[in-house]
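*Asks:* According to TrEMBL, the protein has these features:
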- 61-83: transmembrane segment (TRANSMEM)
- 103-124: transmembrane segment (TRANSMEM)
- 136-161: transmembrane segment (TRANSMEM)
- 181-198: transmembrane segment (TRANSMEM)
- 210-229: transmembrane segment (TRANSMEM)
- 241-260: transmembrane segment (TRANSMEM)
- 301-325: transmembrane segment (TRANSMEM)
- 331-350: transmembrane segment (TRANSMEM)
- 362-384: transmembrane segment (TRANSMEM)
- 435-460: transmembrane segment (TRANSMEM)
- 466-486: transmembrane segment (TRANSMEM)
């Protein structure tokens, strides 16, 4: 972890360094002063940006996010592994229940919370770029108010998830076990959402290092307590879910010693509770958060629909096996794209907030160029290794051959998947979640899923057809977003929007 967090901005007052830890009004006054001195409010005097320096800055942001994303992906695998090694005649039901519970909680809970908090991707990154640090604290409190409001419905849906799963045609015993699993996981959900809010705030300020360490400790707690509760106590299957909750609970708690050791990383943006002022930011937060939630849920639901369609194809066992290999490989690669998306979101948001449209455009261009190079490399690797990769997951020869065929079909589309992920990060940095959500709705549900169904069933292309159709949906999404970003809007307009947004 070579990236060093930013120190608080300080000014000379009476010969002393005084950090900007005052009221929001004081923040705004000082921010405006800095902006005028440095020429940030005058786009005509913005210096020409340096592409090499921008690439270095982007890379410093990318790799901590990729590592953190990979670590946050592990708890789901841990649950399945622990369930699969329980010595019981019901082991398969435990695995199915853990998988089903995780899927239902992702769709009805985590996608809602994570989607809503994506408003901070725009608000905090732009406020930091504009040096309006007091705004960051208000946005955080507004997000906290919204998340607390959403917790009730989310808890009810998952507490009584058995009935919903039964209506979806799931096995009664598996549905009952999934509900029990969800109930033990629910106590950790508020802690995850609180951590997500703080994480967004820190990422917007280019502070990445502590997040990696916290993710490591969270996984250690999850694995150690999971092993002990599952195999050495009477809890068994339920212990897996409780350990997941405990792992989630420690995430925000670990921020306490970090902030105690680095108090300026907290006091730079936190000046106490201002709930009345924060409530005034709820409307702005929701205008970005609700479309952000729709962006996420639409993509997640599209993947779930693809899985359901694979399950009703002819020779479903082979089709689902091949589909599962593709999903796992795609998820592993997507961690890199997710890191690039977050980095581009931060850089574009910071630059637009600083009223530097040229730098924002360069940040976008560098991020997309880097993504093109990385995704092209992955594409070639997938095609060349299409025969070997499935063997890491499967033993059946027919399933391996089918999975290899799917990888060959998907390999060139990996480039589009990467570019689409990163351009959506740019949209979040620019505050265009509503447009991106609309694009996703059209791309996935007007083009992607229908074309996948036609190719998979009518054209009898099977699981290869499903992924080819899904790739067409991604092509539509990426094409529309590239058109809007480079033809429909100007970076000066986006910078002006950011100035208006941070002034609200």
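We number each residue from 1, going along the chain as drawn.
Glycine is treated like the rest: Cβ placed from N, Cα and C.
In TrEMBL, annotation is done automatically, which means it is predicted and not curated.
I'd like to know what surrounds each of these features in this structure.
*Replies:* Below 8 angstroms of C-beta separation, residues 1, 3, 91, 94-95, 97-99, 102, 203, 206, 208-209, 211-212, 215-216, 218-219, 222-223, 226-227, 230, 237, 240-241, 243-244, 247, 331, 335-336, 338-340, 342-343, 346-347 of the same chain, each at least six residues beyond the ends of the transmembrane segment (61-83), sit close to that stretch.
Counting same-chain residues at least six beyond the ends of the transmembrane segment (103-124), those with a Cβ under 8 angstroms from any Cβ of the stretch are 135-136, 139-140, 143, 146-147, 150, 154, 157-158, 161, 164-165, 178, 182, 185, 189, 192-193, 196-197, 200-201, 203-205, 284-290, 292-297, 300-301, 304, 342, 345-346, 349, 428-431, 433, 501.
Among residues of the same chain six or more beyond the transmembrane segment (181-198), those with a C-beta under 8 A of the stretch's C-beta atoms are 97-98, 101, 104-105, 109-110, 113-114, 117, 120, 140, 143-144, 147, 151, 154-155, 158-159, 161, 214, 237-238, 240-242, 244-249, 251-253, 255.
Tertiary neighbourhood of the transmembrane segment (241-260): same-chain residues 75, 78-79, 82, 98, 101, 180-189, 191-192, 194-195, 198, 210, 213-215, 217-219, 221-223, 225-226, 229-230, 235, 266, selected by CB-CB distance under 8 Å and a gap of 6+ residues from either end.
With a cut-off of 8 Å between Cβ atoms, the residues of this chain six or more beyond the transmembrane segment (301-325) that come close are 103, 107, 389-390, 393-394, 396, 398-399, 402-403, 405-407, 444-445, 448-449, 452-453, 456-457, 462-463, 466-467, 470, 473.
Remote same-chain partners of the transmembrane segment (331-350), defined as residues 6 or more beyond its termini with a Cβ less than 8 Å from a stretch Cβ, comprise 54, 57-58, 61-66, 69-70, 73, 121-122, 124-126, 128-129, 203-204, 206, 360, 363-364, 367-368, 370-371, 374-375, 378, 414, 417-418, 421-422, 424-426, 428-430, 498.
Within its own chain, the transmembrane segment (362-384) is flanked in space by residues 49, 51, 54-55, 58, 329, 333, 336-337, 340, 343-344, 347-348, 351, 407-408, 410-412, 414-415, 417-419, 421-423, 425-426, 485, which lie at least six positions past its ends and keep a Cβ under 8 Å from the stretch.
Here the transmembrane segment (435-460) has Cβ contacts under 8 Å with residues 291-292, 294-295, 298-299, 302, 305-306, 309, 313, 424, 427-428, 466-470, 472-474, 476-477, 480-481, 484 of the same chain, all six or more residues outside its ends.
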*Asks:* How about long-range neighbours of the transmembrane segment (136-161): same chain, 6 or more residues beyond its ends, C-beta under 8 Å?
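*Replies:* Beyond its ends, the transmembrane segment (136-161) has Cβ neighbours at 24, 101, 104-105, 108-109, 112-113, 116-117, 119-120, 123-124, 127-128, 175, 178-179, 182-183, 185-186, 189-190, 193-194, 197-198, 200-201, 204-205, 269-271, 273-275, 277-279, 281-282, 284-286, 289.
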